[in-house]
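Visitor: Got these off TrEMBL a minute ago, pasting:
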- Lys22, Thr181, Asp182: ATP binding site (BINDING)
- Ser62, Asp149, Asn161: substrate binding site (BINDING)
- 288-371: domain 'PUA' (DOMAIN)
Amino acid sequence: MESNERAPGREALSGARRVVVKIGSALLTNDGRGLDEAAIGGWVDQIAALHARGIEVVLVSSGAVAAGMARLGWSVRPSAVHELQAAAAVGQTGLAQCYEGHFARHGLRSAQILLTHDDLSNRKRYLNARSALRTLVALRVVPVINENDTVVTDEIRFGDNDTLGALVANLLEAEALVILTDQEGLFDADPRHSPTAQLIHEGRAGDPQLAAVAGGGGALGRGGMATKIRAARLAARSGAVTAIAGGRQAEVLTRLVDGERLGTLLRPEHAPLAARKRWLAGQLQVCGSLTLDAGAVSVLRDRGSSLLPVGVKAVSGRFVRGDMVVCVDEQGERVAKGLVNYGSDEAARIVGRPSHQIEAILGYMEAPELIHRDNLVVI
Ligand SMILES: Nc1ncnc2c1ncn2[C@@H]1O[C@H](COP(=O)(O)OP(=O)(O)O)[C@@H](O)[C@H]1O
Ligand SMILES: N[C@@H](CCC(=O)OP(=O)(O)O)C(=O)O
């Protein structure tokens, strides 16, 4: 097939409305001499083009350590953690400035978000990060995310940004994760060592055979293909398709979104909602319960709606925002479970009341729903 054809099976990518784009260290740096500002400008141009089509783009960008090393005049990547942290702190400023300047050429704003593993494994911080990111996206701002390298320690480090990209795709329920790197995609062997290696065009995220061909990273990158394959598996948990493609290919982002057969496409094996709901259903302990009126039971079961406070009659148990609670009908039969947006004390004060009164009752409003439908599984 010619590479500029619209390829069957690429619809998942061409139909995506929200995309997480991860740009790796191997691409961002100018042979270790700081940031490749011209190349960054080119990706920003493409992201702006996607934006203009109404596609929401969230960027996960590496490059802080490499940029910091250049600014500090270091030619060799340090191994001491405190030096890496210092380099990241110096470099992250340059990275943010570079994106801000390029997005401004298109009349777009960017926002810096630095995350740690803890932020996404702690449910409360996870929900907070998600609210902030959703708000930025709704404001048509492009979030530029990196690991908060200056505060993380080895035990709690993502290390590579492929994993971070996948978790952000999960967090925002993006339809696609696009990983741009210095190779054209996943080959059946590491092309640095096997010049005859063939590009794998499509595959199943989670296929164990992929891990067998994926090797480690180059001098500048961290995880290599191994972490990209793992990222595809993680992204698939929330139904996202993953594309691994060459960031130096002309117009790579726009061509991918146009459905062109570029790079490697790894598809989730399960439907998005089902994957997400399975995660919710399987993972978390229940901390309390909400008794729903008949109307709320029916909209949850029949329409997959969010649970609003107005449909709740009673609250029991002690829970905080982000905890899992079970929803029961007035006969005590289990209807659903999900992650609450309000702790038990606040929930008790707002149940039975319309959402527009929440702010007047509590003095603030986290969200109009008690449980957002993305965080709710009917059982
Ligand atoms: N099977 C493979 N196909 C393609 N690249 C591979 C494979 N196995 C290992 N690699 C290596 O992975 C590198 C990309 O990963 P990495 O250096 O971590 O980059 P990034 O900073 O973009 O994440 C490539 O330069 C390549 O040498
Ligand atoms: N957070 C680090 C990036 C880590 C890294 O290089 O990851 P990757 O681009 O996946 O190889 C930085 O900004 O330097």
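Count begins at 1; order follows the chain as displayed.
Note: Cβ is positioned from N, Cα and C throughout, glycine not excepted.
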Visitor: Which of these binding-site residues is closest to Asp149 (substrate binding site) if you go by CA atoms: Lys22, Thr181, Asp182?
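Guide: Nearest candidate: Lys22.
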Visitor: How do the residues of the domain 'PUA' (288-371) split into helix, strand and coil according to DSSP?
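Guide: Secondary-structure breakdown of the domain 'PUA' (288-371): 28 helix, 24 strand, 32 coil.
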Visitor: Record lists Ser62, Asp149, Asn161 as binding substrate; longest Cα-Cα distance in Å?
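Guide: If we measure all Cα pairs in Ser62, Asp149, Asn161, the largest is 11 Å.
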Visitor: In sequence order, what residues of the same chain, 6+ apart, have a Cβ less than 8 Å from the Cβ of Asn161 (substrate binding site)?
Guide: Lys22, Gly24, Ser25, Val60, Ser61, Ser62, Asn146, Glu147, Arg222
Visitor: When DSSP states are folded down to helix, strand and coil, where does Ser62 (substrate binding site) land?
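Guide: Ser62 (substrate binding site) sits in coil per DSSP, no helix or strand.
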Visitor: Suppose you look only at the domain 'PUA' (288-371); what would the mean pLDDT be?
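Guide: Across the residues of the domain 'PUA' (288-371) the model's pLDDT averages 95 on the 0 to 100 scale.
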Visitor: Using a 10 Å cut-off on CB atoms, tell me which of the binding-site residues Lys22, Ser62, Asp149, Asp182 is the least crowded.
Guide: Asp182
Visitor: The record names Lys22, Thr181, Asp182 as the residues that bind ATP; what is their largest Cα to Cα distance in Å?
Guide: 12
Visitor: Among Lys22, Thr181, Asp182, please name the binding-site residues whose Cβ is nearer than 6 Å to ligand 2.
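Guide: From Lys22, Thr181, Asp182, counting a Cβ under 6 Å from ligand 2 as near, there are none.
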Visitor: According to DSSP, which of helix, strand or coil covers Asn161 (substrate binding site)?
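Guide: SS state of Asn161 (substrate binding site) = helix.
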Visitor: Around the substrate site (Ser62, Asp149, Asn161), what further same-chain residues have their C-beta within 8 angstroms of the site's C-beta centre?
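Guide: Near the substrate site, beyond Ser62, Asp149, Asn161, sit Ser25, Ser61, Gly63, Ala64, Val65, Ala88, Asn146, Glu147, Phe158, Asp160, Leu164, Arg222.
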